[in-house]
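Asks: Got a structure here, written out as structure tokens. Questions coming.
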Amino acid sequence: MWRGLWTLAAQAARGPRRLCTRRSSGAPAPGSGATIFALSSGQGRCGIAVIRTSGPASGHALRILTAPRDLPLARHASLRLLSDPRSGEPLDRALVLWFPGPQSFTGEDCVEFHVHGGPAVVSGVLQALGSVPGLRPAEAGEFTRRAFANGKLNLTEVEGLADLIHAETEAQRRQALRQLDGELGHLCRGWAETLTKALAHVEAYIDFGEDDNLEEGVLEQADIEVRALQVALGAHLRDARRGQRLRSGVHVVVTGPPNAGKSSLVNLLSRKPVSIVSPEPGTTRDVLETPVDLAGFPVLLSDTAGLREGVGPVEQEGVRRARERLEQADLILAMLDASDLASPSSCNFLATVVASVGAQSPSDSSQRLLLVLNKSDLLSPEGPGPGPDLPPHLLLSCLTGEGLDGLLEALRKELAAVCGDPSTDPPLLTRARHQHHLQGCLDALGHYKQSKDLALAAEALRVARGHLTRLTGGGGTEEILDIIFQDFCVGK
């Protein structure tokens, strides 16, 4: 239905367009003079729908659609009757807000129409706006693209806005909001200023090296600034994987011998019946994955086949896939039957999977492991019976839920260690583009340190500074901008 409504509005302006699409090559570039309009709120029936415009004809559109005709007080809500400028027919009684540029989201004159969210109302207002000369439907992400073009947002802030729109967990929301607030951009600008000062010192020495009036230690000061920046860049690059996990999700793999309760735990954590639970060993024969929100962190939870040998070819393929997922896991939930710790399968699992991951130091591997002893409801008050020596572990009963709170708290701590704390940690690198430019900057600083020729050293500093400038959007190519803005839909 909504695509049909949008098509009607588009046809009234300049021919049909899709509701959510990449910017076409023929679309006017931001700042071309066209005024754009779009439905900015969600699709479907709702109490209030928000329709916005941006561009020089926004004030004109507001005047001819409303009564009285004068513009309302800037940035104050005003109740107005909306009418179709072609027929004079009333469309809705709505709240309108007038945002004269440059004090607006896009930096241009903007209007917001807060109308009743019925399809007929929204359709009527969109068609009315499409009939106003100089107005056309917005392309995907065009409002934000204009904000970027007009200097209201830098590129990292644009990416933060996209991440905020798509955030599904508390941690993702916090990280996206910090990036939207400009923390990563401010950090990069500070680094760029450091490089500018270092470059000024080097070029001063090149131009006035034999001048008695030149301060002593100019090159040494540049070296100190570069070394400090190398340390800072290296620290952020080491943390890059944490930011990518926070944006894309932490891979948590549940593994263990058959019938340890792996599928029951996956169902418990995901709060829905993802996996089939059966007392028959080998029920799970493939990897089942489900995205979940655990303690505010995004997680891709994988249920895997029980690890054992000497089974049929189908289950053996499931075991192979389970071991493959184990190698890819960020966090392993190792499950054992607390009432059967002395069995060969339990002892073998402890000696192989648990021991091998536990032997790794955090500096050698990003993998972490929690050992969970399930079926605690079958234990005597004294706890687990005779068996192998156990590393630190958690007791849980998937049947009764006893021990679940302790497991969730342990998971929260592990996920915070894997992803970082988006509330207090330094700004994280959430995209491969960020990592690429910081690595390029670090490589260029390495060339600076190795250069015997001061002219080549100065050029290396320029290259390093260029990477930081491009990270925040300076000198970015249209292709890169198109990739970033394709994450937005019409109206944003």
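Using N, Cα and C of the backbone, Cβ positions are placed for all residues, glycine too.
Straight from Swiss-Prot, here's the annotation block:
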{"type": "BINDING", "residues": "R52, E112, K152, K492", "note": "5,10-methylenetetrahydrofolate binding site"}
{"type": "BINDING", "residues": "256-263, 282-286, 303-306, 374-377, 397-399", "note": "GTP binding site"}
{"type": "BINDING", "residues": "N259", "note": "K(+) binding site"}
{"type": "BINDING", "residues": "S263, T284", "note": "Mg(2+) binding site"}
{"type": "DOMAIN", "residues": "249-416", "note": "domain 'TrmE-type G'"}
{"type": "TRANSIT", "residues": "1-20", "note": "transit peptide"}
Asks: Determine, to the nearest whole angstrom, how far the Cα atom of S263 (Mg(2+) binding site) is from the Cα atom of K152 (5,10-methylenetetrahydrofolate binding site).
Replies: 49
Asks: Which of E112, D286 has the fewest nearby Cβ atoms, counting only those within 10 Å, among these binding-site residues?
Replies: D286
Asks: Should E112 (5,10-methylenetetrahydrofolate binding site) be counted as helix, strand, or coil on the basis of DSSP?
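Replies: Strand, per DSSP.
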Asks: For K262 (GTP binding site) and E112 (5,10-methylenetetrahydrofolate binding site), what Cα-Cα distance in Å is obtained after rounding to a whole number?
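Replies: Cα to Cα, K262 (GTP binding site) and E112 (5,10-methylenetetrahydrofolate binding site) are separated by 51 Å.
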Asks: What's the CA to CA span in angstrom from D286 (GTP binding site) over to R52 (5,10-methylenetetrahydrofolate binding site)?
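Replies: Checking the Cα atoms of D286 (GTP binding site) and R52 (5,10-methylenetetrahydrofolate binding site) gives a distance of 48 Å.
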Asks: Specify the count of other C-beta atoms within 10 Å of the C-beta of K262 (GTP binding site).
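Replies: Its Cβ has 32 other Cβ atoms within 10 Å.
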Asks: Sequence gap of 6 or more, C-beta under 8 Å: which same-chain residues meet both conditions with respect to S397 (GTP binding site)?
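Replies: Long-range Cβ contacts: N374, K375, S376, D377, G403.
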Asks: Determine, from DSSP, whether A305 (GTP binding site) sits in helix, strand or coil.
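Replies: DSSP call for A305 (GTP binding site): coil, neither helix nor strand.
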Asks: When a 10 Å sphere is centred on the Cβ of N259 (GTP binding site), how many other Cβ atoms does it contain?
Replies: 20
Asks: Rounded to a whole number, how many Å is the Cα of R52 (5,10-methylenetetrahydrofolate binding site) away from the Cα of N259 (GTP binding site)?
Replies: 56
Asks: Measuring Cα to Cα, tell me the gap between K152 (5,10-methylenetetrahydrofolate binding site) and A305 (GTP binding site) in whole angstrom.
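Replies: It is 51 Å, counting Cα to Cα.
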